[in-house]
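Trainee: Below: one structure in structure tokens.
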């Protein structure tokens, strides 16, 4: 472990790096993939760039004494190598070297969703299902033999077998698989095994199904239809099958991105990330994403599942420490050109459920349950039941003394509370019961799940409402049997009713106050494909990102439709102009999500981006009125950065692509166009947005855009003089056009000095965070052989607060590995790119 080595040892350690060249890659030299006649031409131009690296490679090898590794030339001009840490500065001085970057480690970011985003309406109204489009799935792999991995008509496929075979002949890796999955390669293991052999769940296969599964049949538990079911999928496997570490590296990602662009993918999806990223092009994977966009391949990437940096545990929307900088959105999703996707909860979920009947009218459920073990699916059916009562005759908590001999051989029913669930199971088993049902005690219809159960005894829980009905029936029919069928069913998602956004979705912005994430899609409780014709339910921005990737494939199909009235204009879009347009259309037509827990105020744009995707609204815009609004830097969000004046001006560019003049008015809804700031619920720690009373945003004048032209309009954000600095200012601008069209634009900035504030928490009792907990005192540590302990110990100061006694800090000079070393654990209050510690 590198971090356990001393400073001298670290300098001698060899690390993996990517050396980027000063010369531009092939994709930046006017050689966009849309201009190529064949993949052979792409390879020829790429080979020329790689050949020009020879002199630099030779110079690098003189320093490293290591052979150069993999070379890139299309979206990144560079190569990999191993080098001693101490020799990295020497590499940077070689002529022709732009940057030398440590290779990063990346992790995967873990039927009703389509209707939430109006996808079915696109299928039925426009007949767009992704025909003629290709989506690259850069992930853990795809099972191309799955019954849902199919095309209805292979003649409409964009990438033919001959195209793939020409590419593999020159690339010397990868191969053709099926019409649906025309190309695949295992970039992690350098072989053609593209199926993920993970036992528990296959992340990439789940992602692939969300994008383009094309299942048949009416049973939603036995088939899946993705967002773009007729699209083709590239299986770019970047996670190894050789171990269970579930990580990949920068060089592997760059190779997969580069081949995706070479093969002419319309969209690439990466449901992976490294938490709290940045936008520097010195990172090769960020540069690769940017250059893929410039080649015409739209990059869609998950935002991450880390919630806020101020939460006590990862993946929670809470701030326990009063931090102004809570961003956790991951790299490479932080790349400027990427469409970075946040997660919302699905309205419904396919999961295990129970239905209880008596054969003569009684029917309870189906209701979501948590069964203690799948081995017990049939253990509750056609059984007698026993209501466990306390001394007052009411439903008992299931204590040992509450049972009688009547429980033997029956399914016992108890209520939640007072004792552990496992104890309830233990007492039921000791009483001779054949199984146990635990009834929730909250008086609602909320299912009883996410509880700790012993897997050796048949048990599940029921909601208070359903459970009471069961108790009433058993009390009236103590000697009758009931049928209990346990299986998969489509049921309402209780998390959707608690919070529209997924709790885990990562917060923006990027550390330079760049706007991220960009948009929200369904990612909580998504049912999709697994290996061997299987299916499962998973949650994560990993599931939201492929939804947007599939939607952008539909948008691309609409652009390619020669019957589209704007086809002539769309045909002119190349490279970044094309990918930026797709992103802008989706963000301009997204629907901002309201926070149902705080009087329907908005969810922060730093959490949801431009809002929840509406695929039909985006396609409607492409077919009827593809007009747009962007900030003055061309981004479909306003980045106000940090400012100190209570009046902040900015400009928007309105582009009218129709043949008639358009006039726009700001939405008159006070909630929609209010100005917001961030707040923390003092009881729960939950972050939410609240209105800034007296704050306004107004245009400088009337917004009139002539046909076929663009107009820049000034706006002024005014804050009340009493508004304190060091706070976020954010919200949405919604415009209604004279033709009934609508445009949506999020904005975000920081009132105050963004750079003001500590980055590392204090040491020896000097705490910079405004609350205790993990961000309290940073400990200085010594060790007794393998066991760490604090130096000096904590004592209470005059106010009773714990602090370190500096007079007691000491270490031993002996060589017996007892208290003869010193180290520290420091807590970062903000995202950083580099740390140097001097002792």
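Each Cβ is built from the backbone N, Cα and C atoms, and glycine gets one as well.
Predicted automatically and left uncurated, TrEMBL annotations should be read as such.
Quick paste from TrEMBL:
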- 139: active site, charge relay system (ACT_SITE)
- 203: active site, charge relay system (ACT_SITE)
- 542: active site, charge relay system (ACT_SITE)
- 130-611: domain 'Peptidase S8/S53' (DOMAIN)
- 399-470: domain 'PA' (DOMAIN)
- 638-748: domain 'C5a peptidase/Subtilisin-like protease SBT2-like Fn3-like' (DOMAIN)
Trainee: Reduce the DSSP letter at residue 139 (active site, charge relay system) to three states and note it down.
Mentor: strand
Trainee: Could you state the whole-number distance in Å separating the C-alpha atoms of residue 542 (active site, charge relay system) and residue 139 (active site, charge relay system)?
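Mentor: Distance between the two Cα atoms comes out at 10 Å.
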Trainee: Just going by other Cβ atoms within 10 Å, which of the active-site residues 139, 203, 542 has the emptiest spot?
Mentor: 203
Trainee: Given residue 203 (active site, charge relay system) and residue 139 (active site, charge relay system), what distance in Å do their CA atoms have, once rounded to a whole number?
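Mentor: For residue 203 (active site, charge relay system) versus residue 139 (active site, charge relay system), the Cα atoms are 7 Å apart.
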Trainee: Check the domain 'Peptidase S8/S53' (130-611) for me and report the mean pLDDT.
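Mentor: Summarising the domain 'Peptidase S8/S53' (130-611) by its mean pLDDT gives 90.
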Trainee: Using DSSP, tally how many residues of the domain 'PA' (399-470) sit in helix, strand and coil.
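Mentor: Split into helix, strand and coil, the domain 'PA' (399-470) gives 23 helix, 14 strand, 35 coil.
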